[in-house]
Amino acid sequence: QGTRDHPPAHVALRDRLLTAVVACFKRHGAAAIDTPVLELRETLTGKYGEDSKLIYELQDQGGELLALRYDLTVPFARYLAMNRITNMKRYHVAKVYRRDSPATTRGRYREFYQCDFDIAGQFDPMIPDAECLKIVHEILSDLQLGDFLIKVNDRRILNGMFAVCGIPECKFIAACSTMDKLDKMPWEEVRSEMVGEKGLSPEAADRIGEYVQLHGGLDLVEQLLQDPKLSQNKLAKEGLGDMKLLFEYLTLFGITGKISFDLSLARGLDYYTGVIFEAVLLQQENDRVEEPVSVGSVAGGGRYDGLVGMFDPKGRKVPCVGVSIGIERIFSILEQRVKASGEKVQTTETQVLVATPQKHFLAARLKLISELWDAGIKAEMFYKKDPKLLKQLQYCEDMGIPLAAIIGEQELTDRVVKLRDVATREEVRMPLHQVCKRFRNLEI
């Protein structure tokens, strides 16, 4: 089916992952927005290159041809145009739908979450673009997924490269879509598709091959600015100038060690107009392998200055740049890691279970849990009048609840609560107000 029902532990793991990503977006001052799952079919078609065939189209619904949203970027552009918004920093976490071949082991589904961050508005070059790359760096560093690399390129550089290699402008988008497969296929297969299916000349494909093997940093940008062919192309020169500026800002952010200017990066979506980027995780296959190998893209994005104008009746443009975090891909990696380690994942955010060792103490439990809730503490209790203490403590272990607040006859007499650490089985008696204070000082 291309969708999956997750067990509670994995749902909790994904929720924490989403929370961490959203916290980063909020830290950068983004506001949350939402857009409908259904869009007019014409809104989505013609925006995704060859991937347009993956759009879920619906039958005529009362005279309207509809489709399920393919991503969160195109609906956002329509949202800006319809509401005449010219300046916005937003984030959006929601499901998107693609009529694709599922690959569940790689976090690839037909229904999945995307986490998008976008900056819309007319600003000086490369400042918002640099912030998007900083956000990707922050998220991948915070999640501690292992080594990663953020590849950057520019559609203007690509188009200039295609032009100087002798590719007709009408075939630029087709060439981009094929080049976008370089992370999955070797250059020989990509070249074969360019010549055999896309109709490029073998000479043009070979000239492209010389460029797409180049990757580096600011030094490569400087080298290409001196390239006798690229330096004479207006679009390429413009893109290289902005790329140089981008690397200056990334140097100030201190993240250039994880950034690679890579001429093979294409990103096949039609709407990109400037900088494009993609983050990949790297891993060592074994101790004897010196070069890390890519294990897949976990984030991607770029600049799309012309998309909003497509939906504005007067064609008014709003420059935009954004990034999408591949949350399902990251979740699959974390899921496999947890499974391999055998560690238990807390399935709820409950901080404490209110328990009792004796019968006829339901009233005391209800009173205590009410006070904990009123103090802002995440607490729960058994929904039985007289549960056995062993079952209550076993529930804590099964659900990953770290503490039990036990109240019995002696505790009522002494006006205290017995706080039990479930993992260590250590117990301490303290007045209720101290229990509340202790929880406020904990980050669970």
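Backbone N, Cα and C define each Cβ position, glycine as well.
Automatic, uncurated: that is what TrEMBL annotation is.
Annotation source TrEMBL lists domain 'Aminoacyl-transfer RNA synthetases class-II family profile' at 1-357. TrEMBL lists D71, L72, T73, R98, Q114, D118, R267, Y271, Y272 with the feature L-histidine binding site.
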Cβ-based isolation winner (fewest other Cβ atoms within 10 Å) among the binding-site residues T73, Q114: Q114
Longest CA-CA distance among D71, L72, T73, R98, Q114, D118, R267, Y271, Y272, per record bound to L-histidine, angstrom: 21
Rounded mean pLDDT for the residues that make up the domain 'Aminoacyl-transfer RNA synthetases class-II family profile' (1-357): 87
Y272 (L-histidine binding site): tally of other CB atoms within 10 A of its CB: 26
